[in-house]
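Notes for the one structure printed next.
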Amino acid sequence: MTPHINAKIGDFYPQCLLCGDPLRVSYIAKKFLQDAKEITNVRNMLGFSGKYKGKGISLMGHGMGIASCTIYVTELIKTYQVKELLRIGTCGAISPKVGLKDIIMAMGASTDSKTNRVRFLNHDLSATPDFELSLRAYQTAKRLGIDLKVGNVFSSDFFYSFETHAFDLMAQYNHLAIEMEAAGLYATAMELSAKALCLCSVSDHLITKEALSPKERVESFDNMIILALEMMS
């Protein structure tokens, strides 16, 4: 047990899917897993363990932003011995290379947060995912006929950004979208010798102002859930 997770040791499988929204975690458990069991609920941040096609897998919410995400990731790795962490979330596109419903694999994560500079003695940290997880995601997407978009993301501390003038510059540097956690997830996994990857479904386009309806968000997210579960099975 940790200050933020009240699961017992052994409740988590070595592979864990992460979502910012705990209700989305519950949705995945009920719709996609067999024998799903709630294993933690501190602060209503839900976690489940169950099976997908006979293989054990866990789910955990992590809240919004790098600070919240890294708390849960640290405790999952250090206390519960989780080895592979796959974040599946939504993002806002900033590049003409991607559109609504596209799934992005974050091959690098820039950030306006100072957390990685603090942990890396004020140097620039290259926040990147695990290669083997990335390869599995790419190969699984090919098998499922999913056109996975690969590029960088920008992990912002601000949901309501005041640096919209920087979107064109980010796109020039092959940043496909903005989200809020990948840079912290990758850095924490690197520090603690775990494997991590972030997949994001485009729910909004910050340049064209297009946005999915609530129904479309669920449908597009389901495709990413299936990709995530298939690559972990």
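Quick reminder: no glycine exception, Cβ is built from N, Cα and C everywhere.
Because the structure is a prediction, the values reported are computed rather than measured.
For ASP204 (active site, proton donor), applying a Cβ distance below 8 Å and a minimum sequence separation of six or more within one chain yields THR90, GLY92, ALA93, LEU100, GLU210, ALA211, LEU212. The active site, proton donor feature in Swiss-Prot is assigned to ASP204.
There are 22 other CB atoms within 10 A of the CB of SER203 (purine D-ribonucleoside binding site), with all protein chains counted. Per Swiss-Prot, purine D-ribonucleoside binding site is recorded for HIS4, GLU179, MET180, GLU181, SER203, ASP204, and the stated evidence type is similarity to another entry.
Per Swiss-Prot, phosphate binding site is recorded for GLY20, ARG24, ARG43, ARG87, ILE88, GLY89, THR90. Spatially close to ARG43 (phosphate binding site) yet at least six residues away along the chain are HIS4, judged by Cβ distances under 8 angstroms.
Feature annotation from Swiss-Prot assigns site 'Important for catalytic activity' to ARG217; the stated evidence is sequence analysis. When secondary structure is read from DSSP and collapsed to three states, ARG217 (site 'Important for catalytic activity') falls in the helix class.
Between GLU181 (purine D-ribonucleoside binding site) and GLY20 (phosphate binding site), the C-alpha separation comes to 9 Å. Less than 8 angstroms from the CB of ARG217 (site 'Important for catalytic activity') sit THR90, SER201, SER203, each of them six or more residues away in the same chain.
Counting other C-beta atoms within 10 Å of each candidate's C-beta, the binding-site residues HIS4, ARG24, ARG87 are led by ARG87. In sequence order, GLY89, THR90, CYS91, GLY92, ALA106, VAL153, PHE154, SER155, SER156, CYS198, CYS200 constitute the residues six or more apart from GLU179 (purine D-ribonucleoside binding site) in its chain with CB-CB distances below 8 Å.
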